[in-house]
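Pulled from Swiss-Prot, these are the features on record:
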type    : residues                                                       : note
DOMAIN  : 3-151                                                          : domain 'Clp R'
REGION  : 6-71                                                           : region 'Repeat 1'
REGION  : 86-151                                                         : region 'Repeat 2'
REGION  : 164-345                                                        : region 'NBD1'
BINDING : Gly211, Glu212, Ala213, Gly214, Val215, Gly216, Lys217, Thr218 : ATP 1 binding site
REGION  : 346-550                                                        : region 'Linker'
COILED  : 396-530                                                        : coiled coil
REGION  : 560-772                                                        : region 'NBD2'
BINDING : Gly610, Pro611, Thr612, Gly613, Val614, Gly615, Lys616, Thr617 : ATP 2 binding site
REGION  : 773-865                                                        : region 'C-terminal'
Amino acid sequence: MDIGKFTEKSQQALAEAQNIAVRFGHQEVDAEHLADALVRQEQGLVPRLLDRMGQKPEAFAEALERELGKRPAVSGPGAAPGQIFVSKRLNAVLVKAQDFARQLKDEYVSVEHIFCVLLEEPASTIMGRIAREFSLSREKVLGVLEDVRGSQRVTSANPEDTYEALQKYGRDLVEEARKGKLDPVIGRDAEIRRVIRILSRRTKNNPVLIGEAGVGKTAIVEGLAHRILKGDVPEGLKERGLFALDMGALIAGAKYRGEFEERLKAVLKEVEKSEGRIIMFIDELHTIVGAGKTDGAMDASNLLKPMLARGELHCIGATTLDEYRKYIEKDPALERRFQPVLVDEPTIEDAISILRGLKERFEVHHGVRISDSAIVEAVTLSHRYITDRQLPDKAIDLIDEAAALIRTEIDSLPADLDEANRKIMQLEIEREALRRETDVASRERLERLENELADLRAEQTALLSQWEREKGSIDHVRSIKEDIERTRHAIEEAERAYDLNRAAELKYSRLLELERQLESAEKGGHDETRLLKEEVRPDDIAEIVARWTGIPVTRLLESEREKLLRLADVLHERVVGQEEAVDAVSEAVLRARAGLSDPSRPIGSFIFLGPTGVGKTELCKTLAEALFDTEENIVRLDMSEYMEKHAVARLIGAPPGYVGYDEGGQLTEAVRRKPYSVVLFDEVEKAHPDVFNTLLQILDDGRLTDSHGRTVDFRNTIIIMTSNIGSPYMLDGISEGGEFLSGVREKVMEELRRHFRPEFLNRVDETVLFKPLLPAQIARIVELLLGRLRGRLAERKIDIRLGDVARDFIAKAAYDPVYGARPLRRYLQHNIETPLARKLIAGELRDGTTVEVDVVDDALSFRIE
């Protein structure tokens with residue numbers, strides 16, 4: 001007997017039979033041990049055959065083990081442990097199994113051959129008796145085996161991989177639609193009709209759905225499955241099966257060369273045998289190119305081509321545009337066998353309709369309500385702010401995550417109840433400490449504490465019962481909704497089966513009753529102040545968007561009008577003496593937000609011109625804080641680093657083949673991470689002229705393509721470029737009242753035009769001239785800087801006061817029109833912060849004191865109160 005002629009599963013069963021014999025303490029392996037091993041085999045064929053015959057494999061195995069337990073067991077010293085022998089009877093069974101395999105023209109002895117021989121054991125044996133008890137016979141097994149195996153012969157050591165290949169390596173989408181496992185498909189009628197038209201063709205009847213990730217390619221195929229189920233398809237497609245092929249399952253575990261091809265051929269043979277009744281769906285179609293390819297082996301695409309060419313295989317593919325170009329178009333023979341169907345991103349209106357159709361599924365799954373305004377908000381916010389993903393996928397994700405957020409809040413302790421629990425624990429610890437004390441004050445405190453604890457416990461009990469009541473109410477609503485969904489599914493099934501009496505009974509009796517129950521359950525419990533939130537509202541959607549994109553949620557929900565009307569005031573608080581600049585920036589932002597400027601361009605683009613230290617960069621920081629709540633949302637690029645021609649590549653990333661290609665560009669990566677920011681190009685005149693060619697498409701279209709081909713969205717950024725061009729004209733051409741003399745602006749603009757090309761300057765919204773600061777404005781800046789110092793000293797409760805004389809003295813001493821306000825910070829550091837630090841360390845200045853700063857003998861003096 002050649003053990004090499006037994007399949008892998010047969011060999012595993014023989015090894016397991018030996019283990020069973022050892023476990024029972026038997027001295028030889030008999031037919032019953034092998035039968036037990038076959039019936040208990042994981043993913044084995046015998047349990048599947050028993051299931052098909054209506055017998056439970058577990059019951060059969062238990063009956064065998066009961067009888068095996070009655071046999072005499074041998075223990076103690078003697079033969080080497082585990083050394084047992086094959087009985088003469090089992091040997092005969094295996095020889096008969098070999099003969100039976102030859103009779104069926106199979107090359108290997110498989111588990112079904114052994115099982116059929118075991119069932120023919122005489123009634124005097126345990127095996128024969130149990131087989132008759134369970135009404136099992138060789139003929140019955142062969143009848144079921146024919147359904148599973150078909151006309152296939154055992155020609156390899158792993159024949160089970162090729163049995164029922166479609167069930168094993170695919171999902172029947174029509175069957176899943178029948179069971180209600182697929183989500184409803186709303187819209188996409190044009191694409192589904194196009195797929196149906198292609199499937200109805202005589203040749204090249206294989207559509208491939210091509211579109212960006214998340215636009216709903218798989219949903220179109222699920223929509224087709226729904227239509228096939230309802231019979232809403234042409235005659236040629238009615239009663240068709242639609243199987244989604246799982247390439248991962250096909251490849252997984254294929255250890256030896258040829259094993260993958262064998263599995264795929266088994267799938268294709270089943271499809272071929274169906275004579276066009278089965279349509280195969282391959283998601284991620286590009287995976288078939290190169291799948292299973294090893295030295296000398298064929299990949300999946302080459303196995304599919306002949307059947308696709310002959311029209312024996314009806315196949316629907318789905319893949320993205322990039323992968324179609326990269327894999328399918330490279331193989332023209334494969335490409336011409338498929339007919340492309342382009343799937344575009346749905347419009348905002350269509351995406352809202354899709355989400356409305358899915359709303360009920362999400363409500364039932366999460367057990368919460370989803371308001372219609374939340375659906376509209378999810379689509380509009382995702383379209384506006386999540387630019388690197390596609391509708392409807394990104395909007396569905398928003399709704400799903402917001403509903404999950406509400407559900408987790410329902411399942412966890414409410415904040416009020418959690419706070420009450422913590423207070424009770426804190427007071428109980430305090431009570432235990434006070435019980436050890438004997439003085440009168442401690443006794444009084446203990447008495448007060450007991451009363452407080454009693455009140456808190458009463459509050460906790462009330463809150464707990466309210467929470468449980470509300471949670472029970474929400475769960476009750478959820479169970480009613482689940483019943484409604486099951487009833488609707490049952491109505492659809494009854495209508496498909498033309499069981500009109502049952503359909504009418506369910507529709508006009510059971511469904512109406514459930515809807516009445518739902519209405520009364522949703523009405524109840526709304527009068528009291530609720531602990532739990534059970535509805536997804538627009539603010540929940542905004543909160544999720546804020547988490548994903550980093551935009552503060554308060555800013556997102558605050559009305560645009562309020563935010564923009566306050567913008568000029570907020571900027572004036574921190575930027576002193578630059579009314580024209582502040583007004584120009586705030587007005588440009590107002591125009592952009594009011595929709596009077598092109599929405600495809602950035603919020604605003606400005607060139608700030610002026611001498612050093614007049615507030616150009618400070619205005620950028622203030623603008624970032626006012627619009628985006630934080631100074632951190634500023635992308636700052638020092639243009640003196642981009643003086644060489646090749647440095648331009650650093651903005652958008654190195655081209656393919658160059659070092660640093662994978663790292664991305666400094667500008668594009670920064671804006672991709674923070675799409676809502678102020679982009680500051682500092683000292684812009686120092687950059688190479690080619691940099692401005694890159695900026696042209698940002699200023700005009702609000703977008704920039706990086707070296708990887710990804711489009712970065714600049715529509716929600718404010719572009720600011722600072723420069724010192726024309727500073728000498730501005731310093732010399734200022735009047736005593738702080739206004740520019742006539743002709744100064746023209747000279748500065750002329751200088752600017754000499755530096756930059758007209759097509760660049762023409763795209764900038766506003767060129768703003770910053771005036772040199774006057775002494776009066778310097779005094780205000782002194783107050784601003786001292787305000788920041790007060791903030792640092794506030795932690796120690798130290799206050800600092802500055803008289804008018806001292807303020808004017810500092811302004812006069814530190815002011816230099818050439819350097820602007822920057823010398824002020826240095827002056828305050830040397831003449832106020834350093835002396836105060838000395839006094840703090842020496843112990844002269846203590847917490848809670850006030851420092852008066854005055855001028856004595858042309859120097860600052862400090863008086864501590």
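From the backbone N, Cα and C atoms, a Cβ is placed for every residue, glycine too.
Remember, predicted model here, so these are calculated numbers, not experimental data.
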Take the mean position of the Cβ atoms of Gly211, Glu212, Ala213, Gly214, Val215, Gly216, Lys217, Thr218, the recorded ATP 1 site. Which other residues of that chain put their Cβ within 8 Å of it?
Ala318, Thr320, Val343, Gln390, Asp393
Here the Cα-Cα span from Val215 (ATP 1 binding site) to Lys616 (ATP 2 binding site), rounded to a whole number of angstrom, reaches 44
Which site among Gly211, Gly216, Gly613 has the most other CB atoms no more than 10 Å from its CB, taking these as binding-site residues?
Gly216
Cα-Cα separation of Thr218 (ATP 1 binding site) and Gly610 (ATP 2 binding site), in Å?
57
Starting from each candidate's C-beta and looking 10 angstroms out, tell me which of the binding-site residues Ala213, Val215 has the most other C-beta atoms.
Val215
Could you count the residues of the region 'C-terminal' (773-865) that DSSP puts in helix, in strand and in coil?
54 helix, 19 strand, 20 coil
Alpha-carbon spacing, Gly610 (ATP 2 binding site) to Glu212 (ATP 1 binding site), which is rounded to whole Å:
47
Whole-number answer please: how many Å between the C-alpha atoms of Pro611 (ATP 2 binding site) and Ala213 (ATP 1 binding site)?
50
Taking all protein chains shown into account, the Cβ-based neighbour count within 10 Å for Thr218 (ATP 1 binding site) is 17
As a whole number of Å, the Cα atom of Lys616 (ATP 2 binding site) is distant from the Cα atom of Glu212 (ATP 1 binding site) by 42
The rounded CA-CA distance in Å from Val614 (ATP 2 binding site) to Gly216 (ATP 1 binding site) is 54
What is the separation, in Å, between the Cα atoms of Thr612 (ATP 2 binding site) and Glu212 (ATP 1 binding site)?
49
Work through the binding-site residues one by one (Gly613, Gly615, Thr617) and name whichever has its CA nearest to the CA of Gly216 (ATP 1 binding site).
Thr617
